[in-house]
Structures are given as structure tokens and as C-alpha cells.
């Protein structure tokens, strides 16, 4: 995750940028204390949360608990669809092209995806308790999310257990590529059980069933979460590039 | 398969590798005994945590079977590449004429034989201790067990190769493989349940098709990506 660079790190960055032309890390990103894109996306998430809590009508049927929806669904879109797709694509491409930037993309997508999937898995039961009367049900989409979360966790543990950067990239790309094939199977397997998770409310063939105010908040939330995801991804990839450059220098 | 190798060569190489692994296992018998003892102990523990008046045997048995098969299989998988890493035997294997795909296929065959051996002892034990009336379903049940074991062996062997490159292979292997075993274990348990209840197999057809599709996709995919697990 992102962190402020220490004086030592700054020195390393300086040295790294001097040797950047010869190092395999390529051109190094600039180290900045505050990332503009991240700040804007955090503000957007904050603004949309304020709008959702105070300025969007309370659902007549589900009450205040429905507001979790503005966090739960955008986090699911980002964590399950965007980050898992990026992890899969980056892993498959890495085995093919062997570009270390793809490895860093896979690593960053997995880590940030795990965070967003975590949000989904925490907000889901809170909502289910008030609406279904139970914390957890073994329903198709919930179960798939849990398995995906475990899968990505396993992927990250594997990354942590390999010392050499080249082996780490290669072995984790093997797991990432296989995971891409596994997702449809997990989906099919758990779909064969009957589900009670609410169906799509926005992406339906007929008109969205949300009132316009709620729909607007919801769409804004999706945009804000996507922004936050890419801002975190950028910071995380930049950090990984610095770490790799430092490793190159230390081994030189 | 590399271009200069023909299909019979590939199969012969794979069988030679499998034979070598099984011979080592046969001479030491350590992993096989450990997996079998584990399986029987698990049956006993399940028997004593089970209330027969609450859950009928044929409802509990499929779960018991597949929990035991999965975990006893894992015990054998760790050994698969650990064997090669001692005394750097793996380097010799890689330096030989055998293609990487044939090495993988051989390892899968050896692991499949290992798992099947454990199952051959566990299945009757579960049937005996849980008093299951399998009757004419034995053939179908063995077929289902074999299909699921093939997928388990293929995915497990690949991840055993991946894990053997890490500092904590024994811990990492279950973490990586168990999510992959979900689309195998759920359909296998569901199909076994249908057989044990004496229902027609047609009731379990969607599950069985899923099992076959998993085997087809993952045996191929693991064969393709296996060479990437080897240090050049």
C-alpha cells in the first residue's frame, strides 16, 4: 500500500533515477508526498457518501440499511469485476510478454481488489442481518465472492513466499492465469445452488427500478469508486516500481 | 509437447516418470501409509461427531468422503516435487531428453495412482462404518470418484510444482489449491449423494457435466502452463 517515503527512500530514489537508464526498472516515477489523483478520488468517495447518507431519500421498504447499497455495489463492481479482470489479463500477458510492469499491475490489482472485496464481504452481512434476518447465507453470488477473496488471498500469500523477483512474477502469473479459468467454474458451481441475493436493479432490460435521485447517487458512487480504485492502483504500482528499482540497486 | 516428440514418445516418457515416482513410493511407503492412516482416522472422527438420529448416513457420507479425499490427496501432492528437490534430482530430470509436458503428465499419473490407492481403501471403510447401501451404484460411484480425482491430481500437481519453489510449500499448497478444488468437490459430492440415495444418475447430470468440463479445461491448461513453473 502507499506510504510516505522516508529520507532513506528518497536517497534511493535519487540514486535510482540517476541509474534509471541502465536499470531494468525503466524510467522511475517521481516521489511525491501527496498524490493529486488519490486526493481527488478520496474526496469524491467522501462526497458521494455524504450525499447518500443525508441527501438521498430513505427506502420505504428497507429503511436506512438500504444506504449500504451505495457502498456495497460499487465496491463489488470494482473489486470483483475490474480488479479480477486486470489480475487475470496482466497474468496471462506476463507469461507471454514477460514485462515486469505487467507483474506490478497484477500485484497491485490483487491487493486493491482484495481490499474492495473485503468491503463487499463486510457490508453484505450487515445489510443481510437487517433485511434477511441473518448474517450469512450460502447463496450463489455471496459464495463466489468469498471464494474469489480466498483465491486472491492465496495469490498474495504465494507472492510473499517467493524470494527472487523473476520467480515471483512467473509463478504468480501461472496462478493468476489459472484463476482466470477458474472464475467461470466457481460461478457455475455456485449458481447451480438456488440463490436469494437481490437481482440487478440498474442493468435490467426494462427501465431501472430505482427512483431518479437514488439512481443518480448510485451512479455517482460507481464513478467515485472506480476513480478511487485507479488512484490506489497508480500509487501501488508506483510504489512497486520504486521497490523493484531499489532491489536492483541493492543487488548491484 | 515439443516438435520432435511424437505422441507415443510422450506417453512412454510420462509412464516412465510415473513408474519412477510410484517405485520410490512403493519402496518407502511412507506417504501412502500416512495418507491412509489419516483417511481412516478421519472416518472414525466423523463417525463420533455424527448424530445418526439427526442426519441419515447417506446424507452425511458424501461430505465425509470428499473431505477425506481432498485432504488425504494433499498429503501426497506435497511429496511429488519435494522428492525431486532433494539431491537436486529435478535438475537431472530437466536435463534429460524428456519434455516438460511429459514430466508433468508423469507426475499427474503418479499422483492419480496415489490418490486412487488411498480411495480404494477409504471408500469401503466409509461404506462399512456408515453402513451404506451402495448396491449397484458402485461402478458409477467409482467413475465419478475417478473423474474428480483426475482434476484434483492435475491442478494439485501443478501447484505442488509452484509451491516447491517457495519457502513454505506445505502451508501454501492447501491455500492455493483448495479454492481450485471447489468446482470439483461440490459436483463430486452432489453426484455421490445422488448415487448413495439410489436416485437415477440423470438427477446429477448437470453436476457430472461440470466435472467433465473442469477436467478437460484444467488438464489442458495445467499442461500448457507447467513449463512456466520451471526455472530456466
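Glycine is no exception: its Cβ is also placed from the backbone N, Cα and C atoms.
Quick look at what TrEMBL lists:
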- B:30-48: transmembrane segment (TRANSMEM)
- B:60-78: transmembrane segment (TRANSMEM)
- B:108-130: transmembrane segment (TRANSMEM)
- B:136-159: transmembrane segment (TRANSMEM)
- B:171-190: transmembrane segment (TRANSMEM)
- B:210-230: transmembrane segment (TRANSMEM)
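Long-range contacts of the transmembrane segment (B:108-130) within the same chain, counting only residues at least 6 positions beyond its ends with a Cβ under 8 Å from a Cβ of the stretch, are 14-15, 17-18, 21-22, 25, 31-32, 35-36, 39-40, 43-44, 47, 57, 60-61, 64-65, 68-69, 72-73, 76-77, 80, 141-142, 145-146, 149-150, 152-154, 156-157, 160, 219, 222. Same-chain residues lying 6+ beyond the ends of the transmembrane segment (B:30-48) with a Cβ under 8 Å from its Cβ atoms: 60, 64, 67-68, 71-73, 75-76, 79, 114, 117-118, 121-122, 125-126, 129-130. Counting residues 6+ beyond its ends, the transmembrane segment (B:136-159) has Cβ neighbours under 8 Å at 66, 69-70, 73-74, 77, 80, 104, 107-108, 111-112, 115-116, 119, 123, 173, 176-177, 180-181, 184-185, 187-188, 191-192, 195-196, 198, 201, 208, 211-212, 214-215, 218-219, 222-223, 225-226, 229 in the same chain.
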